[in-house]
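Engineer: Mind having a look at this structure? Questions to follow.
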């Protein structure tokens, strides 16, 4: 919004050229989202408390968690407000990637909000059924996947439509330009052509998978938000490189026109996340709930797809991957042993993984900070793929 205003008034005030610089707008988006979160946080927490949207705590979990019962949840709305305002103020609203990421983020946010609302207001511990939640995630994820399949390699929506029609005329058999290939880290001249169907399948898996992985990780005070901020910031760096014809050529990456604008979104997400951490750090005054976790995970997955860094997201988001695998392994092994031996057996003391470490004697803050440190190291490793190729 401010970019368009600056471009309109630029002839009358040369200093407004500052608003055309992507890095300046990224910094301002961070500050804006951070400020909104810090200022509006107490009001949002107070309103959530008045609504009696307290978090229910598992009685079979760590006993130290029982004191968390009743802490306001659905605090993810605070993050989404910060992201929305900062992105709309400082982003280029003609950029198609901004809108598709916003669609996924807020679409998944609505799913999470409905789930949270049913749990805490209607006192239904099940919330949305797994089938219902997965259905709506799939609708949004598939829509984004189909659109991105034809837009990642093209400069504007006219060319996106032309590419789509060419695919239809080919009998749905035509491939995609090389810029839509799956990039392999550390290999500068080797990529894997996915084709349209492969791209759609991978994108769907990344977006929906990332959303649910972040949601599973959200179980301790401050645990999930800092990894989201770190991974989001790292993806913002990739977006800046991919969106720049100069830097992408120098680093031997495919140039993706318009991708650089995602730095604004990632910066807004970082600022909003840090503001939320102010109130979510131990002992938490508010939890983000599904409304925040599903939305942020979907956002990370979508940005990773656009900048063609799905594998790097898997690396940098290693904590999310480990948490998800711990649940899958625990459930699978329990069902298998129950069927074979008549009693269910566990691999971990409790899943997701962070609860296993708690029950192993780690304090909550130790688990959280150590997971942050691991994520920081993984993000630095992921960023190293920019040059080590």
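For all residues, glycine too, the Cβ spot is worked out from N, Cα and C.
Swiss-Prot lists these features:
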type     : residues : note
TRANSMEM : 25-45    : transmembrane segment
TRANSMEM : 73-93    : transmembrane segment
TRANSMEM : 97-117   : transmembrane segment
TRANSMEM : 135-155  : transmembrane segment
TRANSMEM : 190-210  : transmembrane segment
TRANSMEM : 222-242  : transmembrane segment
TRANSMEM : 258-278  : transmembrane segment
TRANSMEM : 286-306  : transmembrane segment
TRANSMEM : 311-331  : transmembrane segment
TRANSMEM : 366-386  : transmembrane segment
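What does the local environment look like for each feature on the list?
Structural biologist: Long-range Cβ contacts of the transmembrane segment (73-93) within its own chain (Cβ-Cβ under 8 Å, at least 6 residues beyond either end) map to 1-4, 25-26, 28-30, 32-34, 36-37, 40-41, 44-45, 48, 53-55, 99, 102, 105-106, 109, 112-113, 116-117, 120, 261, 264-265, 267-269, 271-273, 275-276, 279-280, 286-293, 295-296.
Sequence-remote contacts of a segment are chain residues at least 6 beyond its ends whose Cβ falls under 8 Å from one of its Cβ atoms, and for the transmembrane segment (190-210) they are 104, 134, 137-138, 140-142, 144-146, 148-150, 167, 172, 174-176, 178, 180-184, 297-298, 300-302, 304-305, 310, 313, 317, 320, 324.
Beyond the ends of the transmembrane segment (222-242), by six or more residues, the same chain brings 22-23, 26, 214, 248, 251, 253-256, 259-263, 265-267, 269-270, 273-274, 276-277, 280-282, 284, 288, 293, 296-297, 299-300, 303-304, 306-309, 312-313, 316-317, 319-320, 354, 367-368, 371-372, 375-376, 379, 382-383, 386 to within a C-beta distance below 8 angstroms of the stretch.
Sequence-distant contacts of the transmembrane segment (366-386) (same chain, at least 6 residues past either end, Cβ-Cβ under 8 Å): 185-186, 220-223, 226-227, 230-231, 233-234, 237-238, 241, 251, 253, 282, 309, 312-313, 315-319, 354, 357-358.
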Engineer: Which stretch, 97-117, 135-155, 286-306, tops the Cβ pairs under 8 Å count with the transmembrane segment (25-45)?
Structural biologist: 286-306
Engineer: Excluding the flanking five residues on each side, which residues at least 6 beyond the ends of the transmembrane segment (311-331) place their CB within less than 8 Å of a CB in that stretch?
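Structural biologist: Contacts with the transmembrane segment (311-331): 182-185, 206, 209-210, 212-214, 216-217, 227, 230-231, 234-235, 238, 297, 300-301, 304, 346-348, 351-354, 356, 371, 374-375, 378-379, 381-382, 385.
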Engineer: Any residues 6+ beyond the ends of the transmembrane segment (97-117) with a Cβ under 8 Å from its own?
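Structural biologist: Contacts of the transmembrane segment (97-117) (Cβ under 8 Å, skipping residues fewer than 6 from its ends): 53, 73-74, 76-77, 80, 83-84, 87, 91, 127-128, 133, 136-137, 140-141, 143-144, 147-148, 151, 207, 211, 215, 258-259, 261-262, 264-265, 289-299, 301-303, 306.
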Engineer: With Cβ-Cβ distances below 8 Å as the criterion, list the same-chain residues six or more beyond the ends of the transmembrane segment (135-155) that contact it, or say none.
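Structural biologist: Beyond its ends, the transmembrane segment (135-155) has Cβ neighbours at 96-97, 100, 103-104, 107-108, 111, 161, 163-164, 167, 176-180, 196, 199-201, 203-204, 207-208, 211-212, 256-258, 294, 298, 302, 305-306, 308.
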